Amino acid sequence: MSRPSSAGGAAGGLGAGKAGGSKHGGSGGTTASAAAAAAAAAAAAAAAAAAAGVSGSVAGSGTVPAAAVALPVAALPGQSPELTALFECPVCFDYVLPPILQCQAGHLVCNQCRQKLSCCPTCRGPLTPSIRNLAMEKVASTLPFPCKYSSAGCLLSLHHSEKPEHEEVCEFRPYTCPCPGASCKWQGSLEEVMPHLMHAHKSITTLQGEDIVFLATDINLPGAVDWVMMQSCFGHHFMLVLEKQEKYEGHQQFFAIVLLIGTRKQAENFAYRLELNGNRRRLTWEATPRSIHDGVAAAIMNSDCLVFDTSIAHLFADNGNLGINVTISMC
């Protein structure tokens, strides 16, 4: 039996309800750092020009034409990790990506950390006014940057424009607590998800077998409510979620979905069926389970799950309790 988690519940329980009834250094490194940045830009520009067959000097300013700099990564022979390391943020150790801003002494810090700082973390000098480092931006456009989750096993290196989007969906990023509506802020590896659920969310029931009945009690509770249950079969764990939301005043909808405690690739090996039965009526939904990396919110937003309103729920409910037949199968 799955009891509801309503607003104001404890965070350690069955997915607490949604709030409101809804569900270093001193100044000595200044010159050296600025010189290193300038040297890196000059070296990359020279290498790019050589690879493109540009010869001779440019009259006037002594700069290399832009077309000679904006080359693909393969056009930079002898590229080394030392060059990429020049873009390392001294605060978070991720990479400083365009638009690249520097302090008055030439030190770099990523835009995310910059918003939290009042002075340069390297020289303690002012970060304002903002100074754009166009040379380093051109160098960055020629380099592949490792995914921020490379230490966790991701082997991809990407152009800076592709890096943020990849990291949003990277399979190696930390997993968050999959309990919907809970205020739990836990993060960890995939192997740690089930131990976390068993320790911090002990009220969640786990049923064994590929065919079970998910019984949601007290579906007439007001406001946004979540019901959660675990199902274990085929050597994997699945999370069953029934969520009630008030889409607009006076109109409530139920959303039911199955998540795999696993990766997206693992989820593709399974299919699930949700079925409401009663009074010679039947409502069925079949789909591939989502990975807990994807979560419930996106599926609900796109209605990519079993969706029904309160009038439908009452057709299948018995004394305010709703039973959903859940079947997991391997593809």
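The backbone N, Cα and C atoms fix where each Cβ goes, and this holds for glycine too.
On a predicted model such as this, the values are computed, not experimentally measured, just so you know.
Quick look at what Swiss-Prot annotates:
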REGION    1-26  region 'Disordered'
COMPBIAS  9-26  compositional bias 'Gly residues'
ZN_FING   89-124  zinc finger
REGION    139-331  region 'SBD'
ZN_FING   142-202  zinc finger
BINDING   Cys147, Cys154, His166, Cys170  Zn(2+) 1 binding site
BINDING   Cys177, Cys184, His196, His201  Zn(2+) 2 binding site
Setting Cys147, Cys154, His166, Cys170 aside, what same-chain residues sit with their Cβ within 8 Å of the center of the Cβ atoms that define the Zn(2+) 1 site, listed in sequence order? Lys148, Tyr149, Ser150, Leu156, Leu158, Lys163, Glu167, Glu171, Phe172, Arg173
Simplified to three states, DSSP reports His166 (Zn(2+) 1 binding site) as helix
Relative to the Cα of Cys147 (Zn(2+) 1 binding site), which of the binding-site residues Cys177, Cys184, His196, His201 has the closest Cα? Cys177
Long-range neighbours only, meaning 6 or more apart in sequence with Cβ under 8 Å: which ones does Cys170 (Zn(2+) 1 binding site) have? Cys147, Tyr149, Cys154, Leu156
Row His196 (Zn(2+) 2 binding site), column other C-beta within 10 angstroms, all chains, value 17
Cβ-Cβ distance under 8 Å to His166 (Zn(2+) 1 binding site), same chain, at least six residues away: Cys147, Leu156, Leu158
DSSP assigns the residues of the zinc finger (142-202) as 21 helix, 8 strand, 32 coil
Give the sequence-ordered list of residues that share a chain with Cys177 (Zn(2+) 2 binding site), lie 6 or more positions from it, and have CB atoms under 8 Å from its CB. Cys184, Lys185, Trp186, Gln187, His196, Leu197, Ala200, His201
Within the predicted model, mean pLDDT of the zinc finger (142-202): 90
Among all protein chains shown, how many Cβ atoms are found within 10 Å of the Cβ of Cys154 (Zn(2+) 1 binding site), not counting that one? 17
